[in-house]
Amino acid sequence: MTPARRDVLWRALAAVAGGYAVANFVPVALIIGWGLERVDAALVAMQLSFVVYAAAVMGAFGACTMKNAFRQSMAWLHTWLGVLVGWLLYFMFITGTVGYLDTEIDRWMRPELPVATVSAPPLASDAAIHLATAYLRDHAHGARRWTITLPIDRNAPYLEVAWQAPRAASPGVSPGGETSGSAYLDATTGAELPTRRTGGGQTLYQMHWRLHYLPQRASEWIVGIATLMMLIGLVTGVVVHKKIFKDFFTFRPDKGQRSWLDAHNAVSVLTLPFQVMITYSGLVFVMFTLMPLIVAPWYGTGEAGRSAFLNDVFVPLAPADASGHVATPLPLDRIASDAHRRWGTAPIAALDIRNPFDANARVTVVGDFSAGPMRATDILAYDGITGDLLAERRAWQSGPKAFRDLMLGLHEGQFAPPALRVLYVLSGLLGAAMIATGMVLWTVKRRQRAERGRQVHLAGLAGVERLNVAAIVGLPIAIAAYFWANRLIPVDAAPRAAMEINTLFVTWSLLAVHALLRPVSRLWCEQALIAALAFGLLPVLNAITTHRHLGRTLTDGDWVMAGFDLTMLGLGAIFAALAVRTKNHRP
């Protein structure tokens, strides 16, 4: 690395670190005199901190490179942020976009389940609660916690129960069956619906921020830092492309670097509002982890201050440890009836029962988080023995809390009807395309420089080209392998869910090895062909291994199962076209 580039790198790192300090100080200085409640003040300061951080980094970096034009310094920052976090952001966008179809993927990966039917609250939900309670009494009598999820909408299409093992044996409470697990139940008979164990779409969705294999706190920091870089990248991209909206209508095919730049500009402009929303709201999701120092002026430092802050944000719902004294619980439908009386037509989405059959039993009744764009709902906490209402958490608590809930709701999109959900998916895929075209543009630009005789680190360029293919095409293949594993791993295998997700990462690793060993000129075609086969043959595999094939699902009107298979055929066709395109044409 030349001294000039080393100097720029150190200046950039100083801007990033200094920006974090500014982001923790400036919002507090602005908010502290507003007279807000301390929890609201801390929330507003956190929500402002990300905007302050982006502005501070851009301003500091621009000031550090005044010998160049400001736009040139922003172009350098935009480019190298993309190089540093591009592959991770692509992974997050692909798995996050798949998460918008998590329920549909859950259904395909559990082909034993019938077509879903939702309840018509409140009468149908009362009957479902009664059936779920009977099942839990028989199968999880000694568990310390029961959870009942009612079938009220697309996000929860089945009656589901779950239970957790006690931390320690409680006097007078016998195990009475299995101590942990979950089950789907027939909402009309209460009979268990046998189904295979699988991570389903939920595992894919959670990967976009948990990254799997890593501790949650570590993954939140990694994802949060990458998302901060994404926010800066979006802003610098607009600054760099001063004619960005004009360039949106310009596309020059088969022009090498210009074509990739046009494609990058087009997908960026088309979904810019979505990208800004999804990036900022993603930061709001992890703001308690990224900006813990902001609460200090109002709550103090240390774990005690953090706990006090979280208790103000999330009103405690009368928790209680098991007393060890056996007691007869009040029927859950009685508690549900009281919740219906208070909420009117608003449905009950779930019940959380702590310490069943204990004198300190607690029943929490949860409303529908997906009823609207705000990720919030009313929650009631009852004494499980007497039925007395002990605590209530309202959906609306304050403006700053509501803004946070709105950001979370918009990010998850659980409220979205089918047409809007399709737009979410398309926008997410275009976001992934924005990142992918930027990554390819970087290599195309430097390859053309090398062809013109300019100094380029060829080994580094080849490495990035290879890893681009392994990321852009390899990740979808790995996801397809995850679906293949669901059908090929024996249904009664004990660690099925872990085996499925391990298949994804092993496949992706093998594709990375393939990318490192094969000629660069052949990589796109070869991996695109693998992807075409992996996706295109999935409906065939489904027909061989289950009875829920296209010939049946189309005639039965089972559009979730049929739609999944048809989507796989479509993806197979797209990757086949890419394989043909790249057979004699290197991107």
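Sequential numbering from 1, following the chain as shown.
The backbone N, Cα and C atoms fix where each Cβ goes, glycine too.
Automated prediction, rather than curation, is the source of TrEMBL annotations.
Remember, it's a predicted structure, so these values are computed and weren't measured experimentally.
Straight from TrEMBL, the features:
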| type | residues | note |
| --- | --- | --- |
| TRANSMEM | 12-36 | transmembrane segment |
| TRANSMEM | 42-63 | transmembrane segment |
| TRANSMEM | 75-101 | transmembrane segment |
| TRANSMEM | 221-240 | transmembrane segment |
| TRANSMEM | 278-299 | transmembrane segment |
| TRANSMEM | 422-444 | transmembrane segment |
| TRANSMEM | 465-485 | transmembrane segment |
| TRANSMEM | 497-517 | transmembrane segment |
| TRANSMEM | 529-547 | transmembrane segment |
| TRANSMEM | 559-580 | transmembrane segment |
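Between the transmembrane segment (12-36) and the transmembrane segment (221-240) there are fewer than 3 Cβ pairs closer than 8 Å, counting only residues 6 or more apart in sequence, so the two stretches are not in contact.
Here the transmembrane segment (465-485) has Cβ contacts under 8 Å with residues 87, 90-91, 94-95, 98, 108-109, 204, 436, 439-440, 443, 447, 499-501, 503-505, 507-508, 511-512, 514-516, 520, 523-524, 527-528, 530-531, 534-535, 538, 541, 568, 571, 575, 578 of the same chain, all six or more residues outside its ends. The transmembrane segment (42-63) shares the most Cβ pairs under 8 Å with 278-299, out of the stretches 75-101, 221-240, 278-299, 422-444, 497-517. Between the transmembrane segment (221-240) and the listed ranges 75-101, 278-299, 422-444, 497-517, the one holding the most Cβ pairs under 8 Å is 75-101.
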